[in-house]
Structures are given as C-alpha cells and as structure tokens.
Amino acid sequence: MKNVLSIQSHVIYGHAGNSAAVFPMQRLGINVWPLNTVQLSNHMQYGHWAGSAIDAAKMEQLVDGIAAIGVLKRCDAVLSGFLGSPPQARAAVEIVRTVKAMNPNAWYFCDPAMGQTGGIRPEPGVEEFIVEEVPALADGMSPNHTELQKLAGRRIETVAEAVDACRALIRRGPQIILVKHLHDRNSPADRFNMLAVTETEAWIGQRPLYAFPRHPVGVGDLTSAIFVACRLRGDSVRAAFEHTLAAVHAVVKATYDARRYELELVAAQDEIARPSEWFGAWVTDA
C-alpha cells in the first residue's frame, strides 16, 4: 500500500485542507500521514474561529521523528497545500528534499494555495517563494486559474493560453499540471472546467457548476487529494483526471442536494471510490 505525507491546514469542524484530503485518499486505498500546518476550530469564512499555526521548526522535527523510527523511506509521495508563512514554505521544501533523499522514487505534488484558503491568506513572501522556488522541486502542481496566472506571470483567458502556460511551467520542473478550475471565456456559464497537461498531452474535462448560496470550502483540497491518490495507485494521468472530475462532482452534488455548506465527504464516500456518473476528458490540441 502506498504512503503519502500530506502537509496542509486542518479544521476540527468541517472539511478544508487535510480535513478534506485525508479521508478521500484513505477511501482510495492510500495510507495518509497528515502533517497539519494550521490547526483551527473551523475555516474562517464562518466569521469566528480559534486556533493557530504550527512552528516551522516543529514541522521538520515531526518529520525527523518519522525518520528516526525508520519509516520515512516508505513515503511514496508528499502532497503540500496551505503553507501560511515563508518559514513554513521553506520547511515544506526541506521536508520534500529529506523524503526524496531517503526514497529517490518518491514524488512531490504541490497544491500552491496562494490565494485565500478557507478564509486564510498566506503571509507576504509565500506566494513569491512558491512561484520562484517550488516548480524546480515539484513533480506535479495543481493551481487554480488565478494561481496558474501567478505561476506563469501572464493573463489567461482561453484553453489554448492555459495549455501554453502549463507547458511553460512544465519546462521549469513539474511533469504534470492539474488546473483545478479553469475559466474559459468560450465555455458555457453553467459548466466547471478542469485541465490536465503533460509535456506532450493535454486533456480538458467539464462537470456541472452548481449555484450554491455559499460555495463550500475545500473543493480544491479534495481535488488535489483524489488526483494524487489515483496516481499513487497506478492510474494513468488521463484515468486519474477523469476519476477526479467524476468523484469531485459526486461530492459537490451530494453537498448541493443536501443543502449543506460543508462538503458531504462521508455521505459520498462510495462515489469517491467508484463514481457512478462520468464525464470523460477529451484531448485538446491547443
């Protein structure tokens, strides 16, 4: 069974960061080692919250503890999400380097989380660090539209421009770019677009876009987690992309149908493992 070290935020109530990522990856047959960068009562969009960030040095100490008992070499991948400060971002990068030193086959997937995540905004300097330092180390990245623009340093309005930006990013290091949400001026307003790009191939997929009164938090964290889990279990990029598109849709639909604000992960767990509605992905020659 594959193992992933997941470095993200955590909420006690609700689903954001590791609280949105751990269970879906486990449901897909992956062992998850969660390292919480932030521990909060709930995500901040409720307007009231309690909690704090973990010290960057403690992040590295915790991973050193795993290494000391001889299991870090069994880590197959690192997934990083919200990193609240430049020291946390640097610590995450050092952790990735440590994992790769112990297991050269381990890979690193970065969900850049450069904007507001669950009401939390990273400190100044995090965005610049991710843009400048992380691509060279990452094997895959999962920006949303805004984050892709920041990583590419350009405005993106079409699928062709998005593919070109992803390829430019791939030339800096990553092998796979998963665009969690792509705004395309040529797409219907009621569709949600995702994009997966490698050096030689690109696929686009669409699912229904639901009109929530308040959009649930954690959908991006869920998206990255499912994609990573599918890749770890051996799915091709296209198969992982299609499964992610279908499984995330199932969770979002269950949440919408239940008129809930928090993602219905438990209620939709069978759909995460075996989606009943598939949308497919088509090759784009952009």
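Cβ coordinates are placed from backbone N, Cα and C, and glycine is handled just like the others.
Residues or ranges marked as substrate binding site in Swiss-Prot (evidence: sequence analysis): Ser9, Met44, Gln45, Asp221. For Asp111, Glu147, Lys180, the entry in Swiss-Prot reads ATP binding site, with the evidence type sequence analysis.
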Distance in Å spanning the most remote Cα pair of Asp111, Glu147, Lys180, given for ATP:
10
Determine the Cβ neighbour count for Asp221 (substrate binding site): the number of other Cβ atoms within 10 Å of its Cβ.
31
Other CB atoms within 10 A, centred on Met44 (substrate binding site):
19
Among Ser9, Met44, Gln45, Asp221, the record's substrate binders - longest CA distance, Å:
16
Tell me which of the binding-site residues Ser9, Gln45 sits in the most Cβ-dense spot, judged by other Cβ atoms within 10 Å.
Ser9
Cα-Cα, whole number of Å: Gln45 (substrate binding site) versus Glu147 (ATP binding site)?
20
